[in-house]
Amino acid sequence: MPGSRRVRPRLRALLLLPPLLLLRSGHASDLTVAVVLPLTNTSYPWSWARVGPAVELALGRVKARPDLLPGWTVRMVLGSSENAAGVCSDTAAPLAAVDLKWEHSPAVFLGPGCVYSAAPVGRFTAHWRVPLLTAGAPALGIGVKDEYALTTRTGPSHVKLGDFVTALHRRLGWEHQALVLYADRLGDDRPCFFIVEGLYMRVRERLNITVNHQEFVEGDPDHYTKLLRTVQRKGRVIYICSSPDAFRNLMLLALDAGLTGEDYVFFHLDVFGQSLQGAQGPVPRKPWERDDGQDRRARQAFQAAKIITYKEPDNPEYLEFLKQLKLLADKKFNFTMEDGLKNIIPASFHDGLLLYVQAVTETLAQGGTVTDGENITQRMWNRSFQGVTGYLKIDRNGDRDTDFSLWDMDPETGAFRVVLNFNGTSQELMAVSEHRLYWPLGYPPPDIPKCGFDNEDPACNQDHFSTLEVLALVGSLSLVSFLIVSFFIYRKMQLEKELVSELWRVRWEDLQPSSLERHLRSAGSRLTLSGRGSNYGSLLTTEGQFQVFAKTAYYKGNLVAVKRVNRKRIELTRKVLFELKHMRDVQNEHLTRFVGACTDPPNICILTEYCPRGSLQDILENESITLDWMFRYSLTNDIVKGMLFLHNGAIGSHGNLKSSNCVVDGRFVLKITDYGLESFRDPEPEQGHTLFAKKLWTAPELLRMASPPARGSQAGDVYSFGIILQEIALRSGVFYVEGLDLSPKEIIERVTRGEQPPFRPSMDLQSHLEELGQLMQRCWAEDPQERPPFQQIRLALRKFNKENSSNILDNLLSRMEQYANNLEELVEERTQAYLEEKRKAEALLYQILPHSVAEQLKRGETVQAEAFDSVTIYFSDIVGFTALSAESTPMQVVTLLNDLYTCFDAVIDNFDVYKVETIGDAYMVVSGLPVRNGQLHAREVARMALALLDAVRSFRIRHRPQEQLRLRIGIHTGPVCAGVVGLKMPRYCLFGDTVNTASRMESNGEALRIHLSSETKAVLEEFDGFELELRGDVEMKGKGKVRTYWLLGERGCSTRG
């Protein structure tokens, strides 16, 4: 085997020991597995701390299945393949194997994993006729069965890497030459040497191409420089096996030398994915990132890099196996097993042991023995097996077919992701559907230069032409030159003519002033999307909390927006004329159309297309407008399309992009305004709220300039777009920072300082996609070069919004439907609010006036006074109220009356009565009107009076809780006249002698007693249940002597109230 070391002489003598002398007695039902692996050094993928838990899991499954090795017990014995320094040894491993063979006579050996340890042990086991299983020893030489007759490899092998590279070359059309570079580590198991050996031998065998190879030493910059010169002379397709840091350093030097992805491709042979931090590692995987100040260059260099790793299984059995493996490793082996591609090695040992047990079981069933190593080994070869690592296929040479993955960098995010998978069994390359190989030129570079590495192609060396060819060439060039010069002269003349014509000029007299309110009246009762018809957000300014909107006017019959320019005069220099020409040349549906300009002092102004739906800022801040994500993405796409046109045109950049400069027209199309014409822009005030509020969208590098360019920069526009994107996503205002209430001045100062991390608005991943948040962060990156251009932003938005149609009509109809739905919701909301207010007003009206009277007034009818033949009126007051009021504060008196009348109002709700009024401590109630109830009015009032009296006895005065409130009640029955009096604060009043008499009954009564007139007593006697007591004749003012009664109660009925 190339690169393998010679076995020492004393080990050769051990091979001569007769196998029979090594056999020791044991139990017939015991099957011994001898393990020879590193026992202390856990850095090896096949260390015992990693493989031991897998072996125990495999033996556990054997015990759980009665069909495997019935009647047999599997036991393990251990031997170390390490030397005293903890490194794999070609001496320690064979000695351990001999000791295990002599003492335990094992039926099978498990391991070693290191190549130099496995080589002598593999030769011994072939001599002893004992099978050897390993998921390591991946070198090409271990596959030579003349020496390793009974070795079966259930893990990856490097010759299979050559199969993957062969398929890759065939797919990409590389049929001539490749270069292989590797860092050889002589002190250990030389992993890169054996990786390159397998690739080199298999590719040369299968493709018959030239494969050059070069060894190098890691950490030597001079050596790296010489290595890159070799790359320039011998390769365009380069395979490099080294540590991740060395590969990154090489890529940086390659970038400096001009070896970029247009002409070169570098494959990192990183089979265990160390540069990717493990296949299950953190996302995104960025092997170029180190935070050492070189990341930006490294990311650029890695556009020419791809990474080759083993393919990690993703079947459910493997994922469940990993959980059990980690738990057992931690619990029993005191080892914390991390995620990564190294875990496929213990999984392959697990599957290999199960495959061996299956082969032994079959051998025993056919009359064989566990010591028949050749028969058992042949049963494992050329066989398929379903294990935890998925579909396991051992070929006819005893090597497992290995799957590989190819990783490539996403140019937008810089993260590496799998783009191709190789199936080792079918020898097929399978593309990952959502990812594609990235090539800077759109296609892979050729494996040899166009003219060869040494410019040896004859087609590139024709250094002379015939006379006729020279004349033809000169004549053609002369003609083309003449046509080009003529074309440019014509263009120059047309341009001068257009500049002189001043087609943009507008006379102030041609403008007909018009307020937006008048325009809306002439257009009918149209509603705008923002709900504010007078708003033209593209030209608004803010001063404190007040908004001043641009004026409008009619020009040639069309309504236009008029922006006044705060300048005394505009000098029409050639620069200004070109600015005006460029504005007239703008024709894009996502940019407001430039109508013209007036430069006549003092009426200097700019006329642009008027958009009636308002600005994006107004729409976002109006909480009554519902915007789903389809609508938001549509508005965002409109901004991107407009900015793409600006950046690719003569204007070049906006310089003042913000949500208030994005307006919505009548067709719900968002348009960008206030672009170009930097000579017309108002000089900024030195300080004030307005200045800082305007700068919330400005990029930090422009804020730090003493005199930033009026046109801004393209990277600055991307930053402004990122701020707008956050406004659209959160709808919480411009530069919203959760938990902080900062003024615009404070925000601008923190952004300008350049804090680490940079001070930026908040994001809420619950309200938008994580990818959208990443796009925001890229747009407002501190380094302008890290911000994506609008072309990349457009592609990213397409990924977020795949389900929405790109058809203009479909988008317009969707916006119209969204707008209609929003209007329906708004009308429904306003209707419900109106009905609620109407209900409250009616409830208040019914408390002031009787229900029937209130209904008449609501219908607009005049309430006529009405006479009632018989009603019962109740009067009450508080005895000693005047003295009590004098001894109390006004607030205490108000509280007392409020508590008392609240109690009374709750009681009278249980009776057919109407409360007429309260005056001070006087309380007046009537029954029998406005709805007549026959003779029931006397009974209702009598019962109510008893209930009120009962309530008063338990009533407590807040500021005099020990004092009893003394209520005096008078009741009288008779005719009255009732009606509504007055137009302002109308009141329902009662008139007639009955009212006066009832009042006299109350004033001549006694505290805590109910005083009745004889008329009321006569009506109550009809109900036969009230207890009355004659009081006698009482002298009343204006009435003379009147016979009255006391109401004591009602028989057979508890007092209500």
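Every residue gets a Cβ built from N, Cα and C, even glycine.
The N-linked glycosylation site annotation in Swiss-Prot covers ASN41 (among others). Under the three-state DSSP scheme, ASN41 (N-linked glycosylation site) falls in the coil class. Listed in sequence order, SER47, GLU82, GLY86, VAL87 are the same-chain residues at least 6 apart in sequence whose CB falls under 8 Å from the CB of ASN41 (N-linked glycosylation site).
For CYS114 (chloride binding site), the same-chain residues that are 6 or more apart in sequence and have a Cβ closer than 8 Å to its Cβ are PRO38, TYR44, TRP46, SER81, CYS88, ALA93, GLY136, ALA137, ASP189. Look at Swiss-Prot and you will find SER81, GLY113, CYS114 tagged as chloride binding site, backed by similarity to another entry.
The disulfide bond annotation in Swiss-Prot covers CYS88-CYS114 (among others).
Annotated disulfide bond per Swiss-Prot: CYS192-CYS241 (among others), in sequence order, evidence recorded as similarity to another entry. Reduced to three states, the DSSP call for CYS241 (disulfide bond) is strand.
Taking the Cβ of ASN208 (N-linked glycosylation site) as centre and 10 Å as the limit, one finds 8 other Cβ atoms among all the protein chains shown. According to Swiss-Prot, the feature N-linked glycosylation site maps to ASN208 (among others), an assignment based on sequence analysis.
Around ASN334 (N-linked glycosylation site), a 10 Å sphere centred on its CB holds 8 further CB atoms from the protein chains shown. Secondary structure at ASN334 (N-linked glycosylation site), as computed by DSSP, is coil. For ASN334 (among others), the entry in Swiss-Prot reads N-linked glycosylation site.
Proximity of ASN375 (N-linked glycosylation site) to non-local residues of its own chain (separation of 6 or more, Cβ distance below 8 Å) is seen for THR363, GLY368, given in sequence order. What Swiss-Prot lists as N-linked glycosylation site is ASN375 (among others).
Reduced to three states, the DSSP call for ASN382 (N-linked glycosylation site) is coil. Residues or ranges marked as N-linked glycosylation site by Swiss-Prot: ASN382 (among others).
Positions annotated as N-linked glycosylation site by Swiss-Prot: ASN423 (among others). According to its DSSP assignment, ASN423 (N-linked glycosylation site) is in a strand. For ASN423 (N-linked glycosylation site), the same-chain residues that are 6 or more apart in sequence and have a Cβ closer than 8 Å to its Cβ are ASP403, MET430.
As annotated by Swiss-Prot, disulfide bond applies to CYS451-CYS460 (among others), with the evidence given as similarity to another entry.
What Swiss-Prot records for SER515 (among others) is phosphoserine.
If you look up Swiss-Prot, you'll see SER525 (among others) marked as phosphoserine, on the strength of similarity to another entry.
Sequence annotations record features per position, and here Swiss-Prot assigns phosphothreonine to THR528 (among others) based on similarity to another entry.
Among the features that Swiss-Prot reports, phosphoserine is placed at SER530 (among others), with the record citing similarity to another entry.
Positions annotated as phosphoserine by Swiss-Prot: SER534 (among others).
Here Swiss-Prot flags SER538 (among others) as phosphoserine, drawing on similarity to another entry.
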Neighbours of the chloride site SER81, GLY113, CYS114: Cβ within 8 Å of the Cβ centroid, same chain, sequence order. VAL36, LEU37, PRO38, TYR44, TRP46, CYS88, ALA93, GLY111, PRO112, VAL115, SER117, ALA118, GLY136, ALA137, ASP189
Would you mind pulling the DSSP three-state label for ASN375 (N-linked glycosylation site)? helix
CA-CA, which of the recorded positions GLY113, ASN208, ASN334, ASN382, CYS451 lies nearest CYS241 (disulfide bond)? GLY113
If I take the alpha carbons of ASN382 (N-linked glycosylation site) and ASN208 (N-linked glycosylation site), what is the distance between them in whole Å? 27
GLY113, CYS192, ASN208, ASN334 filtered to the recorded positions whose C-alpha is within 10 Å of CYS451 (disulfide bond): none
Per-residue pLDDT averaged over the domain 'Guanylate cyclase' (872-1002), given as an integer: 88
For the domain 'Guanylate cyclase' (872-1002), give the DSSP counts of helix residues, strand residues and coil residues. 53 helix, 41 strand, 37 coil
Any same-chain residues 6+ apart from CYS192 (disulfide bond) with CB under 8 Å of its CB? Would you list them in sequence order, or say none? TYR182, ALA183, ASP184, ARG185, CYS241, SER242, LEU269
Hey, how far is ASN208 (N-linked glycosylation site) from GLY113 (chloride binding site), Cα to Cα, in Å? 31
Using all protein chains in view, find how many other C-beta atoms are within 10 Å of the C-beta of GLY113 (chloride binding site). 28
